[in-house]
């Protein structure tokens, strides 16, 4: 048995207690435009040059840059003129706004919205409900009414979701061979990034994005080109309005927003609308069956607590929901990435 000295402030406690600080450093560097400026410059820059270019203090910028070096988001080289900073490959790919795989919008949504809800995590645990009322002064009874409380907030959320599918979309869509399905509905398809990945991967398919009218309007104006003829739109609330017939329905990060009863209600409607031989593809972050991990999914489930009415689930729990709606021949594929795929057939 180790001595009590081994338990004196172990490294894991240091790491976890600094987690908030780590993420805020990354969020702040994104918000200020550090990575974009370095990409545009095409050469390493001094802290003075970066501070001047971004309208920041030299003393503050130097500390931010050094912290980013420690986090492997920037690299530094010492010259006779002083320290010169440049992006790493990771920051060029994921943290610059212009990159096709940019996660900038996700970072900003977490920084300016998610973190405000997480300030009330203890209240969420005590009460078992989301915290929009405390964080933003809006009713928490309709999570998406709160989430889309302004056009600006809705646009930030949609852009963040699109960012996720730019790096995970192809993995979940290729988990199963979906080529037999040519008529596809993407329920809650938002900004259309997953639909675009789908028609790219399966060019014989057409995908209809089914979402709220205001979401569809923004998707048409901001995200999906009118020249993309394989993608169409359907305005409505799939809980309260009818769901048209199709061969395949995609529910990506939908069921984790809702409790079991709401999930069963939605899946029953999907099953009724689904053509015989068709199916439903669930795209979710799956918990291990013993719920001991993955830690990312456990944290997402905490986020569902503070922001929605739902939770993350195991493959067996999603299979049970599908079976209750009538779906059979259920298959599960773990992608090794953030999100996994579950396919149920009618």
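Placement of Cβ uses the backbone N, Cα and C atoms for every residue, glycine included.
Look at TrEMBL and you will find 256 tagged as active site, proton acceptor. Positions annotated as domain 'O-methyltransferase dimerisation' by TrEMBL: 15-96. TrEMBL lists 118-327 with the feature domain 'O-methyltransferase C-terminal'.
There are 23 other CB atoms within 10 A of the CB of the residue listed as 'active site, proton acceptor', with all protein chains counted. Here the domain 'O-methyltransferase dimerisation' (15-96) has, by DSSP, the following mix of helix, strand and coil residues: 52 helix, 13 strand, 17 coil. Within the model, the domain 'O-methyltransferase C-terminal' (118-327) carries an average pLDDT of 96.
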